[in-house]
There are 2 protein chains.
Amino acid sequence: MARLAEVSTATVSRVLSGGKPVSPEVTERVRAAANDVGYRPNPAAQTLLRGSSRTVGVVVPDLGNPYFAEILKGLAAEAAAEKHHTLVAGTEEDPEQEYRSAIELARWVDGLLLCAPRMSTPRLREVAEAARRLVLINRVLRHHAVGSVVVDYHLGVRALCEHLAALGHKRIAYLQGPTAAWSDQQRQRGFRSPEASGLTIIRVPCGSTLADGREAVEEALTYKPTAIICFNDHVAVGVLSRLRELGLSVPHDLSVAGIDNAPMSAHTDPGLTTYAVSTVEVGRQAWSRFAPKPSTATTHIRGELITRASTAPPPHKSPRG
Amino acid sequence: MARLAEVSTATVSRVLSGGKPVSPEVTERVRAAANDVGYRPNPAAQTLLRGSSRTVGVVVPDLGNPYFAEILKGLAAEAAAEKHHTLVAGTEEDPEQEYRSAIELARWVDGLLLCAPRMSTPRLREVAEAARRLVLINRVLRHHAVGSVVVDYHLGVRALCEHLAALGHKRIAYLQGPTAAWSDQQRQRGFRSPEASGLTIIRVPCGSTLADGREAVEEALTYKPTAIICFNDHVAVGVLSRLRELGLSVPHDLSVAGIDNAPMSAHTDPGLTTYAVSTVEVGRQAWSRFAPKPSTATTHIRGELITRASTAPPPHKSPRG
DNA sequence: TTGAAAGCGCTAACAC
DNA sequence: GTGTTAGCGCTTTCAA
């Protein structure tokens, strides 16, 4: 390639990287030759030399979950716009695999993004040491050079509670997320003030998927709540579907609310009341956190209450009364 | 690190790669030192030397689309199981960006997977030349060393048609996918035999998203079909939602069917009749196509008809008659 | 069994 | 404005 254009390899490099002084005539000759052979510099060699791969890594519990898929989308788009690649790893919700993927990717990438990591704090700290830059979604870690993007779920839960209380609800079931999910604890915080105001919150173990929601419904009903708040919209869709099977009408017999405003939540029947969070925005913010000196360690993302048809005043008697 | 264990770098390498003759005593010393310092070899250097990055690339039109997200999930899981990393790029449905991403990634990765590529055949061929291995999803290319995994959508469409015909439908609207989508042409092929048998198919321009589905409904209705087949389940959910707004009842006034069996399709109201395709399986097959010498160039994936409540016999009069 | 040295492909530093 | 050279961090000869 260099000899095809009859120049040194250094000149080729100068032309292709740009910004270096090269005569127009030579520039042309090199461009032509490169084009001819379809020459592109070896990225591994470039990486080795410059000490940066222009790559960010993303580790998510479940690549199939639209919530994380959209965060990934937001991040990948931002990264691509600044000529960076994106490495991904799904962890199948397994903290062990999450840790291994993170440690492994850390060595490759300029910046690492961990979405809702479930691993222990000491391990997280290990990852922080291994990574050049680390950003966390929906978790925080006291450590220099680790940034976070967290959704203020406690505000969302509180808003949902206030909305339901205003409608007249007094007994609300909360379908909990995965144990050890930091973001579930965030949500739980949001119940403090409503509980202090006299609202009864019944916590029901659940999870984060549609199937989890379906399965948790019957237990939740044994507590005779007039409304159900779900860990996320996925769960809520599962709940809606199961309630329909059980012959209960939403919102007539029971109100249901989700969190996240998943793409489909506007199109369920009835439409789902939820706390809307822009996942793509989360991804974007995560990217901006890779910048050298962010002013604060944690970016808070605030959502907004979206009321749709799935919430209404409670029936006069308890459902199935 | 090497001097910490008082050995040469060559010995360190031998211990860490394994399989080379090293005395147990030295092995132990190196292991300890590596563990101490948290040493991990520089992947760029390894890549440069061995000429392989142990990485596969995936290019998808939309990372936020669950269909592609799940293919990515399937592939990433398989890749990780064999110690490979996964690079992703979303193209925002833009053929130009798709081409650039593909060419760019090709240089990095050992194998490249293009999902439903929209780029022109000549460009696709260029990518094929640039990539070490290339696999296509839902598109084929006559080229040595290019494999494909295609879903037999024509079978799906035919099955859907036969199902609807058996219910008594005679006029069916088809909401088309994105122009230039190879997989839409596949679907169109599926109408040949039903049309020959006397079924009327009305093609309505649409797209691949929920919003596209919503918007296409009114035009579709002007043709007074008794059933609508949608490019995919996303579109179908949009259609369902819009029909509800218009006060039309599914399946009483109109039958609706989708393609793909998206996760939510079992939980819409009414449940969606669809042609089910295992996306994760597609991802897995794609990975297996990266093997050195696959026996055939194209893997066909066959789905199955799933009938749910969204399809039923047509009303006696045309809807809104 | 171990060490020394070459070289993977590239770019920055230094000549000219 | 251009060529020559050193060296990024690793693994793999080749010697010892």
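Including glycine, each Cβ sits where the backbone N, Cα and C put it.
Because the structure is a prediction, the values reported are computed rather than measured.
Per TrEMBL, the features are:
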type     : residues  : note
DOMAIN   : B:1-50    : domain 'HTH lacI-type'
REGION   : B:293-321 : region 'Disordered'
COMPBIAS : B:312-321 : compositional bias 'Pro residues'
Averaging pLDDT over all residues of the domain 'HTH lacI-type' (B:1-50) gives 92
Grouping DSSP H, G, I as helix and E, B as strand, the residues of the region 'Disordered' (B:293-321) number 0 helix, 7 strand, 22 coil
The correct DSSP tally for the domain 'HTH lacI-type' (B:1-50) reads 31 helix, 0 strand, 19 coil
